[in-house]
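Peer 1: Below you will find the structure I want to go over with you.
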Amino acid sequence: MTISPPEREANGKIVVDRDPVKTSFERWGKPGHFSRSLAKGPNTTTWIWNLHADAHDFDSHTNDLEDISRKVFSAHFGQLAVIFIWLSGMYFHGARFSNYEAWLSDPTHIKPSAQVVWPIVGQEILNGDVGGGFQGVQITSGFFQLWRASGIVNEQQLYTTAIGGLIAAGLMFFAGWFHYHKAAPKLEWFQNAESMMNHHLAGLLGLGSLSWAGHQIHVSLPVNQLLDAGVDPKEIPLPHEFVMNRELMAQLYPSFAKGLAPFFTLNWGEYSDFLTFRGGLNPVTGGLWLTDTVHHHVAIAVLFIVAGHMYRTNWGIGHSMKEILEAHKGPFTGEGHKGLYEILTTSWHAQLGLNLALMGSLSIIVAHHMYAMPPYPYLATDYGTQLSLFTHHMWIGGFCIVGGAAHAAIFMVRDYDPTNNYNNLLDRVIRHRDAIISHLNWVCIFLGFHSFGLYIHNDTMSALGRPQDMFSDTAIQLQPVFAQFVQNRNYLAPGFSAPNALASSSAVWGGDVVAVGGKVAMMPIQLGTSDFLVHHIHAFTIHVTVLILLKGVLFARSSRLIPDKANLGFRFPCDGPGRGGTCQVSAWDHVFLGLFWMYNCLSIVIFHFSWKMQSDVWGSVTAQGVSHITGGNFAQSANTINGWLRDFLWAQASQVIQSYGSALSAYGLMFLGAHFVWAFSLMFLFSGRGYWQELIESIVWAHNKLKVAPAIQPRALSITQGRAVGVAHYLLGGIATTWAFFLARIIAVG
């Protein structure tokens, strides 16, 4: 940390431009108003594609970084407004169309539903019996469990929150307009990294966590304590009574009677009745102990509020981002991070690339924690919701990571300045990119042949009737010894590092089965040869995805094939006429290919999760022991490709294929329709532009014959447009097919 003399740095002030851009509905009503060429209107059908491609590409509207920054800032408010409207809609459905109050009274037998289908052409068949005398569509979003954890006990509270969401959305829309049209920040404000870090760390994350912890302590904890004890939700006092009435709280948590005295006398242990460190799961609800999660949020708040005082602003004390980055150099790293500060304050694509990669990774981490340490009451035994949340957070993470590579490549093409990056780490990485990519390529080939080869060996031995020669837990074992070591170490860890904890962080590591209402919430997950095999497929597909995306970024500006690639832009079909073999080399095309491998990769991950949980974790608990949904068949079947096809895909597709005539029939139709959407994508991916142009010209000729020729000339999609439409339908079709397959299966058997 450095303390600077007062004269060294000018104090930052918040400076805005007043009324910089006129509010004009007339201008907004004109399609393509942001571009001179688009504003002229359409001559050919390509116009509508360019309109969509460029509407949010603010770089193409202007070169003025200040105006681009303001547009991005304003758009963020619009994004938040849409999120608030969506959230409000969720809460409104909970209030108006759901069985939330019934579910709250008996969460182990009644299933969550917040959607009732109208009886038009027989669609009321979709309203299944979810228990408690309610007919509706079973939902798997986890909102009911979240609401219970928040301390919501009736529909009135959901209505109120829904209205609050709409008010928040209105405020966001207003802020977005106000900060672009009325008081727009100057560029310096957007580039003041230290202030931004302090405010986001201390304000957003620190005070955000603290206020949530406050809500949990004063509302969630007492409400959940009473619900767990079997008190009727209608008898539970209203939230403000817990907040106002200390005696009421002291009945549940005796330390409340002492007020703030223990805090100021440093006897913080007094508060251990509601700030706990138990570990494991609450045996009543199958969720994390809420007193543990409150403790976690208080701790997070303290950490981030401290972190939010770390950077030097107007007080001449603290860290400077630029100084930290420029001091970051070692004996083998040349100029180190010199020049990165300038990149991160002038290229929003560089910022976005980093943030997407990190947020995507975080989403994948969340997916894994949500099942291993279920944070909300009765979430763990709602298998459909558990499967949906895992799948959802994996897909979101995958898309964010690919988006990170996309914006990193856009940064390389549009914003990278070689003169400011001489011999720093970025320059050095780009200069030895051949070594990086060729080594990564070797790793991909090694992983691909070896992981796939193990399966091929097993399929061959299985077909020849030689089970004793297969890699399996009962023949030639390939145990994941390192993973088993990590599991065991985490299981034993509390004994060494947290002796007062009742259990380890997750039941996954070892210990007893946690059962709620006769269903397994979580239990130790045994890893064996089948897991070892599929984990190496995961390693292979992850590395190939990274290879494609990283090659796209590192070769975005130039390559041996096309030395002047930077001049062609982020997306281009080929390097002009007369240069064969230069198509599909743009940075955009690498993102396009990366999306397919991301899809491959995550499909195998969610299939592994779905089958492993049904085989080894989820099931019912009786006096005789645990009976799993698929009876532990993962270890025997998942070590051959045939086993995956026969005992997972085919065996578990029976529910969706046979769903017609039942409340799950919508999933059967979606399964069919999404397959169709997926197949439709192939028409775009395997086609040539000239073929369609010829066909279009025939059709236009016929229209001319009939004197009904269109004024806007029809054009075949460009190569890039066709690939974009293709990959969009490929992913949409694939994801919706998987969705229907998973939900029909797990709702039927779970």
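Even glycines carry a Cβ here, placed using N, Cα and C.
As listed in Swiss-Prot for this protein:
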- 72-95: transmembrane segment (TRANSMEM)
- 158-181: transmembrane segment (TRANSMEM)
- 197-221: transmembrane segment (TRANSMEM)
- 293-311: transmembrane segment (TRANSMEM)
- 348-371: transmembrane segment (TRANSMEM)
- 387-413: transmembrane segment (TRANSMEM)
- 435-457: transmembrane segment (TRANSMEM)
- 532-550: transmembrane segment (TRANSMEM)
- C574, C583: [4Fe-4S] cluster binding site (BINDING)
- 590-611: transmembrane segment (TRANSMEM)
- 664-686: transmembrane segment (TRANSMEM)
- H675: chlorophyll a' binding site (BINDING)
- M683, Y691: chlorophyll a binding site (BINDING)
- W692: phylloquinone binding site (BINDING)
- 724-744: transmembrane segment (TRANSMEM)
Peer 1: Please work out the number of neighbouring Cβ atoms within 10 Å of the Cβ of H675 (chlorophyll a' binding site), leaving out its own Cβ.
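Peer 2: Excluding its own Cβ, H675 (chlorophyll a' binding site) sees 15 Cβ atoms within 10 Å.
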Peer 1: Does the transmembrane segment (590-611) reach the transmembrane segment (197-221) with at least 3 CB pairs under 8 A, where each pair is 6 or more residues apart?
Peer 2: no
Peer 1: How about the transmembrane segment (387-413) and the transmembrane segment (724-744): at least 3 CB pairs under 8 Å, pairs 6 or more apart in sequence, or not?
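Peer 2: Contact criterion met.
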Peer 1: I'm trying to understand the geometry here, so how far is the Cα atom of H675 (chlorophyll a' binding site) from the Cα atom of Y691 (chlorophyll a binding site), in Å to the nearest whole number?
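Peer 2: If we compare the Cα positions of H675 (chlorophyll a' binding site) and Y691 (chlorophyll a binding site), the gap is 25 Å.
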Peer 1: Validating a neighbour-count step here. Other CB atoms within 10 A of the CB of M683 (chlorophyll a binding site): how many?
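Peer 2: Cβ-Cβ neighbours of M683 (chlorophyll a binding site) within 10 Å number 13.
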Peer 1: Using a Cβ cut-off of under 8 Å, list the residues of the same chain at least 6 residues beyond the transmembrane segment (72-95) that approach it.
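Peer 2: Distant Cβ neighbours of the transmembrane segment (72-95) are 56, 58, 114-115, 141, 143-144, 147, 155-156, 158-159, 161-166, 168-170, 172-173, 175-177, 179-180, 185, 190, 348.
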Peer 1: Counting only residues 6 or more past its boundaries, what in the same chain has a CB within less than 8 Å of a CB in the transmembrane segment (348-371)?
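Peer 2: Distant Cβ neighbours of the transmembrane segment (348-371) are 68-69, 72, 379-380, 386, 389-390, 392-394, 396-408, 410-411, 414-415, 522, 609, 613.
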Peer 1: If you count every Cβ pair below 8 Å, which range out of 158-181, 293-311, 435-457, 664-686 shares the most with the transmembrane segment (724-744)?
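Peer 2: Comparing 158-181, 293-311, 435-457, 664-686 against the transmembrane segment (724-744), the winner is 664-686.
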Peer 1: Determine, from DSSP, whether the residue listed as 'phylloquinone binding site' sits in helix, strand or coil.
Peer 2: helix
Peer 1: How many neighbouring Cβ atoms, not counting its own, are there within 10 Å of the Cβ of C574 ([4Fe-4S] cluster binding site)?
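Peer 2: C574 ([4Fe-4S] cluster binding site) is surrounded by 17 other Cβ atoms within 10 Å.
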